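The next block holds one structure in the form of structure tokens; read it before the comments.
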Amino acid sequence: MDFFLEVLTGGLLAGVMYSLVAIGFVLIYKASGVFNFAQGAMVLFAALTFVSLWEHGIPFWGAFVMTLLSMLALAWGVERVVLRPLVNRPPITLFMATLGLSYVIEGLAQLLWGSQVHGLELGISDEPLEVGGMLVSQFDLFAAGVAGVLVLILSLLFNKTRIGITLRAVADDQLAALAVGIRLERIWMIVWAVAGFVGLVAGLLWGARLGVQFSLSLVVLKALPVLIIGGFTSVGGAIVGGLIIGASEKLAEIYLGPLIGGGIENWFPYVLALLFLLVRPSGIFGERAIERV
Amino acid sequence: MSAPYILQLNQIEVIYDQVILAVKNVSLAVRQGSIVALLGANGAGKSTTLKAIAGLVRAEIGEVVQGRIYYQGLDITHAAAADLVNQGLVQVLEGRHCFPHLTVEENLYSGAFARKPRAVELNQALERIYHYFPRLLKLRKNQAGYTSGGEQQMVAIGRALMANPKLVLLDEPSMGLAPLMVEEIFQIVHQLNQEEKVSFLLSEQNATVALQYAHYGYIIENGRVAAEGETKVLSVRDDLQSLYLGL
Ligand SMILES: Nc1ncnc2c1ncn2[C@@H]1O[C@H](COP(=O)(O)OP(=O)(O)OP(=O)(O)O)[C@@H](O)[C@H]1O
Ligand SMILES: [Mg+2]
């Protein structure tokens, strides 16, 4: 039983890392209905920019702020060059645009900072910690804490500020948002900037775990099942989806692995997501349209 | 009634998707402080006309290709919706279009943000809306999507009023509402017009109630103005009654 709990806890904590990437998707999807394939590239771009600045001797927070500024510049550029000209186009067009964008961003990152692998040491010990008789990774605990703070900040932003109300209004009804005088271009820029910030946080944590390298942008693929399970429109759903994926892939690896063979971790989340698609296509927390007139 | 015109449309033509000619030749005018009705059957072009004024046709891949629109003497033919809201021209869309997942109060707030009010001003504006729509006060924490049709219409109008408009474009306020609720809504429009001198341009299928409250009326048919006049006159013209007004 103790062993089960340990695996479960480890899985849940690891899942938080998936949630972090998924949240970036949710933000952009909610506000503009665009499935932003470039989120992974943004994670990479942020991590690579940060680590390169840091290696050049700029202190942690200085590098953090500068990277954040570069994410803002990126958001501004994306809105100007990609989103604005494509306004009112069908979602598939925008999706294809973000697909292209992901290569542009990766290329840009490479052009700026080169393509070698960087180690990123955030100074968090890898020693497992003993909590209530269980061994828990300190790094995972830290990541979970960061994710918790991030979600808290986002929910304050969304629920308590004018910008937040405006963002939710745009997510609900774009025509009505225009009619009350909301400038959609501005909102998109803000949303992409916030998604860039989330990408930066995710990039630092993932980078610290895997090293900062180009495969980092592939974390998008892990976010997909999280989104399918949690729903594309809910930050809370992204968290819960991440936890479910994290926990179930670890449990499957340990308990089903010996029966069907190892490596389950890699495909189990997708099978789980498929099952969810059959049962609950809008995800656990996906907003269903309010069908009242 | 010889107040200056707050709004003038000069022979405007609106095309959707570069091929669908929805409004062919509409000229109309609204005097400051008046209520003007736009009547006509389904598909006549009422909504398109209103959206053209408010700068919203572009969001539906439509375009004003001919003619000019003037608001307070300024050419606003191609102005952005947000700029018009800031100048006091706001539209309440057909079918209400509340933000369903926002609370009633958040919906109202959203209407004021464009003018960047301070917190005090924002709350004063809110008080004013609750004064006109006391019913909304009890619902303020409810999700707008779960309120009744009449209540949503009140939210939509209240939200527009939060911008402190001089001219409100109201698209079919009576749509889908019970007769008593229609009366209530039009009473409030009347009151706002009398007490605060807000001008209204409203489109309606319900000609009876529109002619009762409006001062002047236009009848639109197939994207053109088929008739116009003081509502007193329009409502007794035999030729219009059966043909357009269904009275
Ligand atoms: N977004 C759009 N794209 C293409 N055509 C449109 C669009 N909106 C309206 N139309 C067309 O333009 C014409 C005028 O429509 P409009 O909605 O302005 O009429 P209306 O008088 O408001 O009708 P109703 O009383 O039914 O609301 C119609 O033929 C309609 O099919
Ligand atoms: Mg209409």
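The backbone N, Cα and C atoms fix where each Cβ goes, glycine too.
Note that the coordinates shown come from a computational prediction; the quantities given were computed from them, not determined experimentally.
Feature annotations, reproduced from TrEMBL:
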- A:12-29: transmembrane segment (TRANSMEM)
- A:34-54: transmembrane segment (TRANSMEM)
- A:60-82: transmembrane segment (TRANSMEM)
- A:94-113: transmembrane segment (TRANSMEM)
- A:133-158: transmembrane segment (TRANSMEM)
- A:190-212: transmembrane segment (TRANSMEM)
- A:224-247: transmembrane segment (TRANSMEM)
Considering the transmembrane segment (A:34-54), which listed stretch of A:60-82, A:94-113, A:133-158, A:190-212 counts the most C-beta pairs under 8 Å: A:94-113
Other parts of the chain folded back onto the transmembrane segment (A:12-29), taken as Cβ under 8 Å at six or more residues beyond its ends: 35-36, 39-40, 42-43, 136-137, 140-141, 143-144, 147, 150-151, 154, 191-192, 194-195, 198-199, 201-202, 205-206, 209, 219-220, 222-223, 226-227, 230, 232-235, 237-239, 241-247, 250
Residues of the parent chain within Cβ reach of the transmembrane segment (A:133-158), under 8 Å, 6 or more residues beyond its termini: 2, 5-6, 9-10, 13-14, 16-17, 19-20, 23, 27, 124-127, 164, 167-168, 194, 198, 201, 205, 208-209, 235-236, 239
